[in-house]
Amino acid sequence: MERFRPLLNKVAMGTALNRDEAAYAFDKMMSGETTPSQMGALLMGLRVRGETVDEIVGAVSVMRAKMLTVDAPVGSVDVVGTGGDASGSYNISTCASFIVAGAGVPVAKHGNRALSSKSGAADVLAALGVRIDLAPAAISRCIAETGIGFMFAPTHHPAMKNVGPTRVELGTRTIFNLLGPLSNPAGVKRQMVGVFAKAWLSPLAEVLKALGSERAWVVHGSDGLDEITISGTTDVASLEDGRVHTFEISPEDVGLTRAAPEALRGGDAEHNAAALRAVLEGAPGAYRDVAVMNAGAALLISGRAASLRDGVDMAKASIDSGAAKAKLDQLARATQALAPQVDA
């Protein structure tokens, strides 16, 4: 711990940590070797100054090293958000995940229960009859057999229990809100990550580049959504061929109609489960349109689609053919069957 105090002093002076220093600090915190005061001081010092790319890379590398991993096919994708956008939207990325899987791209979905919203990915999946408490080996089998699997964050990141109480006591956003979406237990190399603030677009794309991602989009809607929105434009930082570039997209680009922000709002887990099921069963409207736009982007990132419009067309076909709904049914059945294999 002799090295930790000097790092605290560095942060207190407003000086950035290098990648190795950040990794050391987060290893000590996640191993339970720091006091709550030390942990809180470091987290708030980083938050006030603003976390750097190297600090996030160092922290994520530790989180990934400590996680319980899952095997997934090469080419698997994840569609995930940081949360914290206060939008109250329905579970867009979860719905999009079934659409992507229905289009033939394996999905290794990583998520949690609601932290700042009424319904997180885990909550809505449980309401849809999906068991979220599978052991890593069972999830690997689930993805292999059905083309989609859900990894419940607390199961795969046991070291987080050492920082959880301090995060709750702080009661404000910290670097850990960024680390979860960047720490997929299946090690996917292609992902779409939604963020709660536009300022994080390019930095998180650079983090993904440093951590070995092949292709990724980091997105933020003009309405504040940590997804691609259809109520306005969406800013994108795209990682492709080792380069990050930024651009803006709109629903009109792919033939979709804008909707009011209220049209994307959801409710509790039961409400959102019914909405998600309705979309997969072919119901028209804003819920469908925002899901197919997000799924279309994921299909582009995966390499299955040649353009965003092509991806949106594939996403629509995934729903209209019944393939997306079939993935939900397959996931529910597979997780129920595999549930007895859960570790005691």
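Yeah, the Cβs are placed from backbone N, Cα and C, and that goes for glycine too.
Feature annotations, reproduced from Swiss-Prot:
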type    : residues                                    : note
BINDING : Gly81, Asn112                               : anthranilate 1 binding site
BINDING : Gly81, 84-85, Ser89, 91-94, 109-117, Ala121 : 5-phospho-alpha-D-ribose 1-diphosphate binding site
BINDING : Ser93, Glu227                               : Mg(2+) 1 binding site
BINDING : Arg167                                      : anthranilate 2 binding site
BINDING : Asp226, Glu227                              : Mg(2+) 2 binding site
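Only Gly81, Ser93, of the binding-site residues Gly81, Ser93, Asn112, have a C-alpha within 10 angstroms of the C-alpha of Glu227 (Mg(2+) 1 binding site). Of all the binding-site residues listed here (Gly81, Arg167, Asp226), Gly81 has the Cα closest to the Cα of His110 (5-phospho-alpha-D-ribose 1-diphosphate binding site). In sequence order, Ser93, Pro181, Val193, Gly194, Val195, Asp226, Glu227 constitute the residues six or more apart from Gly81 (anthranilate 1 binding site) in its chain with CB-CB distances below 8 Å. DSSP assigns Gly81 (anthranilate 1 binding site) to a strand in the three-state reduction. Taken residue by residue with DSSP, Arg167 (anthranilate 2 binding site) is part of a helix.
For the pair Arg167 (anthranilate 2 binding site) and Asn112 (anthranilate 1 binding site), the C-alpha distance works out to 15 angstrom.
When secondary structure is read from DSSP and collapsed to three states, Glu227 (Mg(2+) 1 binding site) falls in the coil class. Reported as a whole number, the C-alpha separation between Asn112 (anthranilate 1 binding site) and Ser89 (5-phospho-alpha-D-ribose 1-diphosphate binding site) equals 16 Å. Just so you know, the Cβ of Ser93 (5-phospho-alpha-D-ribose 1-diphosphate binding site) picks up 26 other Cβ atoms within 10 Å once every protein chain is counted. In this structure, Arg113 (5-phospho-alpha-D-ribose 1-diphosphate binding site) belongs to neither helix nor strand by DSSP; it is coil. For the recorded site, Ser89 (5-phospho-alpha-D-ribose 1-diphosphate binding site), the DSSP three-state label reads strand.
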